[in-house]
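Written out below as structure tokens is the structure these notes cover.
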Amino acid sequence: CSGFPLSIFFIVINEFCERFSYYGMRAVLVLYFKYFLHWSEDLSTAIFHTFIALCYLTPILGAIIADSWLGKFKTIVSLSIVYTIGQTVLSVGSISDLTDYNRNGSPDNMSLHVALSMIGLILIALGTGGIKPCVSAFGGDQFEEDQEKQRSTFFSLFYLSINAGSLISTIVTPNIRAMECGIHAKQKCYPLAFGIPAILMAVALIVFVIGSRMYKKVEPQGNVMLEVCNCIGFAIKNRFRHRSKKFPKREHWLDWASEKYDKRLIAQTKMVMKVLFLYIPLPMFWALFDQQGSRWTLQATVMNGDFVVQPDQMQIVNPVLIVIMVPIVDSLIYPLIKKCKIDFTPLKKMTVGMFLASMAFVAAALVQVEIDKTYPVFPAAGHTQIRLLNAGYRPATVQFQPQLQRVVVEPRTAVKYMMFKTSELQSLSVASEVQNKTQSLEDLLEGKRYTFAFNTDGSDIMSNLMLDNITSKPEEGRNFIRFINRNGYTVNVSLDYNNFEVLPPLNVSNYTIVPGGKKQYIIRIVTASASCSALSKKFGFGSAYTISIDGCTGGSLNITYFEDVAPNTVHMAWQIPQYFLLTCGEVVFSVTGLEFSYSQAPSNMKSVLQAGWLLTVAVGNIIVLIVAGASGLGKQWAEYVLFSALLLVVCIIFAIMATFYTYVDPNEIEAQFAEEEKEDDKKEKDDHEKQAEADSKM
């Protein structure tokens, strides 16, 4: 087809579906841990990065299986089956109705869901990691030696399919997750959010198998990684055997492998080891980079998302910026630097990439500081918070006894929560122009919030001390609302024409959850003599309100809003600067790093460096586990600063290492070895001819 083997189209479609499956599942994973499995943010982050680390460790296993045993085709098919099963198991594990025996919307056997989820993720890690090094190489095998141009075009299409799959899935699956589905009770639709990627993975497998008869299948020819590892292992072992001073030193420690391995392999291994030594600081970059899917996604859940973007969709900023930034950097920034006669070597580019990633986490820390300002302060052990709510039209003075605090409360207002030591509170007294009333506070619970509502409009002061059963800011951007009836008669309250609660005078309803966003609700009351309604305000994201029912004027309902918990005010758009800095860092670090690695390694050692590169990603995710677990920092902004500082230190170390690195030309070195081998062959041939001539004379 246009000079291309028809088989490559099956491979490109397969890769698109597989990347859709992986990135779609990964986009919603950390929120699944937190909101479905009810894990803490720290545990959710730890398991997320353990999974990513496993995904980048298994490619080494996949490459060894493909090159030494099954071949690429059978490896891809076998591990794709494992992959599909894993996605299916994860999807089944997210069905709350599976163990919702009492049909209240919550799983009754969470251990089963955790077990299924972990089994599914392990199988996915084996599948996606195992096929990662095989698919692109298998596509390259489909071309003949004289199809270099077509092969280059294929790899462009191949990487386009990767980005297209990841971008589309990161848009689609968070929207599916945000939907509500279920048999007995409606919940966030994680089964479908994981189920769609499972279906796409099954499609990827079927498409790949359909093209089976068209593929050019290369038999396993041994894995160069194993050969390099054996060479290194033998050199270390041989050096240890000859550690005595009576044995002369050799120029390089790898030269101790010369008894068993030829000079070419040893020289190639030396070049690879030089590059791998430079890889040592690189995991720290990935430790920060992969937190887009964990800490940054969790950060977005407590921000204002009123431009209809789900928190887990903010990750699409990265691939979108990649598409924009790569051509700008390649065609504008680099040529401009070159014109300024600055020697911007690959290692210098990587150093700048690390610095930019470090600054991205400084930006994330600044955003987090602003977010923390919106968090309510809840009472600690031994303390109680009390808020005063004047539902009447007259001012009143409240005195906390014994002589703790005196507060004037204006009409139709609420005083912010005040903190007291629970043991010191005895009572409070309310005084208006003509009335007084005392309320005992001796039975208050530690660590709780209360609202004391009162109305001084009548002949007697009506009051009610209410427990505010909110212990944290509403999650997932949702809101809590409740109603208080300030009238002297009973009202029946409904929300969007659904009966809410019947409220006696100055009584308060329980909090109910309403979705976050710009939606407005019809609040309606029915009394013995009238009915009226009003359109609610937009509650935003992460707020809690007490809504006072003030009565009817004609057919219109009068209501007053009292803010119990402030809504999220820091907009999600403030995450864009940190994504921009991190993406710029990725462009000059990741792309340059691969290019540098390939330019400094022999042609037959590319796979070794690819394995080493993937290993740095795995180690980076393990670093997140260690730092986040061991830091013991109580504030998220402090953790961001810690990661930024660590990468900055590593950046300086890498810059120093880079100054001592000497660039080599592997092709030139290999040409020298080829010339030496040619001369050796010629000499051996001449010696053989001379020996034959001598033998004939005898």
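Using N, Cα and C of the backbone, Cβ positions are placed for all residues, glycine too.
Remember, predicted model here, so these are calculated numbers, not experimental data.
Taken from TrEMBL, the feature compositional bias 'Basic and acidic residues' applies to 680-698.
Positions annotated as region 'Disordered' by TrEMBL: 674-698.
Listed as Cβ neighbours of the transmembrane segment (43-64) (distance under 8 Å, sequence separation of 6 or more from its ends, same chain) are residues 26, 29-30, 33-34, 37, 75, 79, 121-122, 124-126, 128-134, 223, 225-226, 290-291, 293-295, 298, 607, 611, 614-615, 617-619, 621-622, 624-625, 628-629. Taken from TrEMBL, the feature transmembrane segment covers 43-64 (among others).
Away from its own ends, the transmembrane segment (76-95) comes close to residues 18, 21, 25, 32, 36, 62, 66, 70, 112-117, 119-128, 130-131, 134-135, 138, 190-191, 193-195, 197-198, 201-202, 204-205, 208-209 of its chain (Cβ-Cβ under 8 Å, at least six residues beyond either end). Residues or ranges marked as transmembrane segment in TrEMBL: 76-95 (among others).
Residues 18, 22, 25, 32, 36-38, 51, 54-59, 61-62, 65, 75-76, 79-80, 82-94, 96, 98-99 of the same chain sit 6 or more residues outside the transmembrane segment (110-131) yet have a Cβ under 8 Å from a Cβ within it. The transmembrane segment annotation in TrEMBL covers 110-131 (among others).
Same-chain residues lying 6+ beyond the ends of the transmembrane segment (152-172) with a Cβ under 8 Å from its Cβ atoms: 4, 8, 11-13, 15-24, 27, 136, 139-140, 142-143, 196-197, 200, 312-313, 315-316, 319-320, 322-323. Here TrEMBL flags 152-172 (among others) as transmembrane segment.
Sequence-distant contacts of the transmembrane segment (192-211) (same chain, at least 6 residues past either end, Cβ-Cβ under 8 Å): 6-7, 9-11, 13-18, 20-22, 24-25, 28, 32, 76-77, 80-81, 83-84, 87-88, 90-91, 94, 169, 172-174, 176-177, 179, 181. Among the features that TrEMBL reports, transmembrane segment is placed at 192-211 (among others).
What TrEMBL records for 271-289 (among others) is transmembrane segment.
Beyond the ends of the transmembrane segment (316-337), by six or more residues, the same chain brings 163, 166-167, 170-171, 292, 344, 575-576, 579-580, 582-584, 586-588, 591 to within a C-beta distance below 8 angstroms of the stretch. Annotation comment: TrEMBL describes 316-337 (among others) as transmembrane segment.
The annotation transmembrane segment is assigned in TrEMBL to 349-369 (among others).
Here TrEMBL flags 611-633 (among others) as transmembrane segment.
According to TrEMBL, the transmembrane segment annotation covers 640-664 (among others).
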### Residues of the parent chain within Cβ reach of the transmembrane segment (640-664), under 8 Å, 6 or more residues beyond its termini
271, 274, 277-278, 281-282, 284-285, 287-288, 291, 295, 345, 347-348, 350-351, 354-355, 357-359, 361-362, 364-365, 368, 600, 627, 631, 633
### Summary
Given the transmembrane segment (611-633), its same-chain partners at Cβ distance under 8 Å and 6+ residues beyond its ends are 42, 45-46, 49-50, 52-57, 59-60, 63, 132-133, 225, 272, 275-276, 279, 282-291, 294, 593-594, 597, 639, 642-643, 646
